[in-house]
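Undergrad: Before we start, here is the structure in question, set down as structure tokens.
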């Protein structure tokens with residue numbers, strides 16, 4: 001569908017940001033480069049990576065209606081860096097200002113069952129899956145799908161959290177206890193419990209990042225390959241070394257989902273590439289994505305600049321890749337290597353301003369550039 005363009009916000013306007021992590025930080029830096037101010041809102045905003053570089057910060061709960069109204073009236077538009085902001089929060093903010101992506105997008109992306117149902121309804125393939133509200137449901141799903149499965153919580157799981165692998169001889173009750181039984185979110189239309197997904201044999205994992213403006217204009221970055229370690233993204237290689245027709249199909253799928261969501265903003269779609277070269281959607285995130293950090297150094301416009309452009313009603317920037325790239329996450333104590341990384345020719349170091357390094361915590365990333373292949 002094609003929408004009327006958003007009102008164009010001139011430089012000097014203030015963008016509200018829901019969420020205070022590194023994605024908000026990098027979006028705020030991109031906004032400043034274009035002349036915009038940012039105001040971050042989150043329960044944990046004080047001293048956060050985003051607040052360090054924003055013009056203002058509000059520390060308040062997602063359900064503090066008075067604080068939300070004051071925040072909304074202090075900014076010119078609102079976006080987000082965390083897709084699990086309660087839908088009710090976004091609906092309240094929309095009484096006072098524009099918010100993109102909107103609640104319709106979040107209600108799909110926050111819940112794995114909603115997400116899979118939405119994607120399958122578009123005729124796009126995923127791994128086989130079944131909903132599960134109990135250990136008995138898990139056992140029935142495994143009997144239908146096959147012995148190799150992954151049980152995931154329907155909500156809030158990321159970086160491998162809220163998941164349990166199931167193999168031959170696994171105890172469904174033990175797997176169920178591992179993920180717990182998350183409560184439903186009535187305001188967001190979420191489901192309680194879990195989802196059982198069939199295990200996928202894949203050649204590699206890729207992602208495509210699409211940006212879409214309020215007028216329906218779209219642009220897509222090339223598919224990239226993602227390699228994980230302990231359930232957390234370790235390395236992203238841009239572009240992915242996959243067949244051209246596979247890359248084209250991955251981009252087509254991502255664009256189709258963004259259009260069907262009526263997205264305004266940035267959408268990352270993660271996909272499995274099968275040994276035959278097909279693609280299966282794994283999950284999506286309607287925000288800048290870890291696998292898109294390489295665009296800061298290797299593209300004419302980064303994913304963060306594109307988000308600013310989209311929500312401010314500006315023309316989208318170029319997604320031209322000026323170099324090949326490899327992005328490596330700095331997890332926990334990896335960030336202590338900053339002196340050697342700063343001394344490495346061609347390495348682009350980005351640290352997130354987090355005071356404490358913990359195992360599994362993303363502290364920064366480094367991008368290395370190579371001549372275009």
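Including glycine, each Cβ sits where the backbone N, Cα and C put it.
Keep in mind that TrEMBL annotations are predicted by a computer and have not been checked by a curator.
Okay, so TrEMBL annotates it like this:
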{"type": "BINDING", "residues": "112, 152, 157-163, 197-200, 205, 228, 282-283", "note": "ATP binding site"}
{"type": "DOMAIN", "residues": "116-312", "note": "domain 'ATP-grasp'"}
Undergrad: By a simple count, how many Cβ atoms lie within 10 Å of the Cβ of residue 282 (ATP binding site), its own Cβ left out?
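TA: Taking all protein chains shown, residue 282 (ATP binding site) has 20 Cβ neighbours within 10 Å.
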Undergrad: Mind looking up the mean pLDDT for the domain 'ATP-grasp' (116-312) in the predicted model?
TA: 91
Undergrad: Measure the Cβ-based neighbour count of residue 200 (ATP binding site), defined as the other Cβ atoms within 10 Å of its Cβ.
TA: 16
Undergrad: Using a Cβ-Cβ cut-off under 8 angstroms and a sequence gap of six or more, which residues of the chain neighbour residue 197 (ATP binding site)?
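TA: Expected: 126, 127, 128, 129, 145, 149, 150, 151, 152.
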